[in-house]
Amino acid sequence: MTFLRLDNIRKNYGDTPVIKGVSFAATKGEFVVFVGPSGCGKSTLLRMIAGLEDVSSGELYIDDRDVTYEEPAKREVSMVFQSYALYPHMSVFENMAFGLRMAKKPEAEIKAQVTEAARILQLEALLDRKPRALSGGQRQRVAIGRSIVRHPKLFLFDEPLSNLDAELRSQMRVEIAKLHRSLGATMVYVTHDQVEAMTLADRIVVLRAGLVEQIGSPTELYDNPANTFVAGFIGSPKMNFVNAKVASAAGDSLLLEHPTFAGGKLTVKTPSAARVKTGETVIVGLRPEHLSVNAATPVLSLTLDFAESLGGSTQLYARSEGEPIIALTAGRPDLKPGDVLNLGIDPRHIYLFDAAGLAL
Amino acid sequence: MRGKVLHAVGLTAVVVFSLFPFLWMVAASFKTQADILASPPVWFFTPTLQNYTEIFADTKVSGAIINSLIVATCSTILAVLLGAPAAFALARYEFRGKSDLWFWFISNRMISPIVLALPVYLLAMQANLLDTHLVLILIYLTFQLPIVVWIVTDQFKSIPADLEQAARLDGADQFTIFRKIYLPLGAPGIAVSAIFSFIFSWNELLYALVLTRRNVQTAPVVATSFMSGYELPWGKIMATGTVIVLPVTIFALIVSRHMVRGLTMGATK
């Protein structure tokens, strides 16, 4: 059942379009993540759902109700801000109670709700403190507490973890995932961090320059990226791209040429072979984690530039035309800069894109 | 160590320089006329309350202080009541003519007050407002409003916009946001602007002299009025001066905690 629906939403600042027609629907209880580079419009889109930014055109529905021009408070949504936006002059209790007081709830109910939220978020001991006496992680928890006390229909998160250090970030990520499971609420989460997107999302909406590039589950986006942008954005380290030339196309197999390939040539099988012609460019995508070192039948034959040991795994940078080719391998292979790298890959893991970057 | 000594010496010099005239005034108010005029000055003397009994026996002084209190308090309260909401609008809303309005507030203070003294006098006379509390309250308000609007707008602008948006999502209307978020967080700026406004009204001499006769003479007017005639009753002038300075000093001490916070605000983020 559709719970949140965006219908051709657009936003202009003066003559400059920022959101150029976004349509999308989320079901009840779904965890949706908007991801994209800075300036892609993901935060603007979230703030439009909250009602903090006007919608230039298009329609917005929450729980089958048209809220396109509705006041923020009447949309029954809550939002966790990147800056937390706690009221500095109020105690933790009053911060969480503020929304309930605005709704003129009886004092007993306010106390019960805030106490319950504080219990869930382990804030009971801090209720009398002012925000300035809290650590970053505690402030983050209060901000989340403030959003859950009102039992909103929709939770919005605007890069909530970006002000935290790495350890706290992964800890809070787990807590948000748990919270989503225990509340069963619909959540929309904005981040530029693809790891957060992959780990938290039921579905990811990849945005670029005000347009949706692809919508899908984390594994769908990883396995079947619609274009080179999504392919490069999802996955870490980034996917390697090789701009190869089509030497010949016959049946369902393509013969590709590029100096990076072992022997300068690579044969791939693809059902879309008929869509490209000889002489055209095809972009070959290879994920670093799919490349294996010392393969019997290497696909790439390159020189190692340098290696970064991450302890359990090693990141290899190989010299090639343009961007270096990166391979991620388990353990610590005995390799020195200047050594020849024979990299192999399972043919099923080769991604192909046309010259415009669209998946073949 | 040497730096500390120099620092202490420098500070002492500044303190003495600032406080000596004040000390001289208070000391003189307890001296007889002969002691005041003695040369070389008398440092050790038998204090007398003569000057104070004389000025308080004269209803002119106590009446003037009451007039000053009425005018300064009313105009300050009005300036804050009108200025703070105006500052909220200027700090948070985009509207047509905003920058013009802002410049207008600044330009109010570009005119030398004496230029307007005559027109204001004529206006007050036409409106039958000469020698009333109301005319002084209104004219002081026109000088205080820009002070309040500037200081408080600046203070309000330093409050993160996210707070207002969080409050909007929490269901607060504009007035509630102003009252529950902006007023408490802007308190230092409001306190500072209130002190400036109060001191301005309390000290103002030019318009008080021009627009009042007998009924609503304020304290500075009365203090200078002793200077007419054939003698200069220094003891009475100094005693009146001391009495005038006292309320502002007390007011400033009470709110100084906020004032220090307000003035250093924005220095560190």
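Even glycines carry a Cβ here, placed using N, Cα and C.
Per TrEMBL, domain 'ABC transmembrane type-1' is recorded for B:65-255.
Annotation comment: TrEMBL describes B:64-89 (among others) as transmembrane segment.
Annotation comment: TrEMBL describes B:101-122 (among others) as transmembrane segment. Through the fold, the transmembrane segment (B:101-122) approaches residues 90, 130, 139, 142-143, 145-146, 149-150, 206-207, 210-211 of its own chain, all at least 6 residues removed from its boundaries and within a Cβ separation under 8 Å.
Counting same-chain residues at least six beyond the ends of the transmembrane segment (B:134-153), those with a Cβ under 8 angstroms from any Cβ of the stretch are 71-72, 74-76, 78-80, 82-84, 86-87, 90-91, 105-106, 108-109, 113, 120, 124, 127, 186, 189-190, 192-194, 196-197, 200-201, 204, 207-208, 211-212, 216, 218, 262. Taken from TrEMBL, the feature transmembrane segment applies to B:134-153 (among others).
Tertiary neighbourhood of the transmembrane segment (B:181-202): same-chain residues 68, 71-73, 75-76, 79-80, 83-84, 87-88, 136, 140, 143-144, 147-148, 150-152, 154-156, 159, 163-164, 167, 172, 219, 244, 247-248, 251-252, 255, 258-259, 261-263, 265, selected by CB-CB distance under 8 Å and a gap of 6+ residues from either end. What TrEMBL records for B:181-202 (among others) is transmembrane segment.
Sequence annotations record features per position, and here TrEMBL assigns transmembrane segment to B:237-255 (among others).
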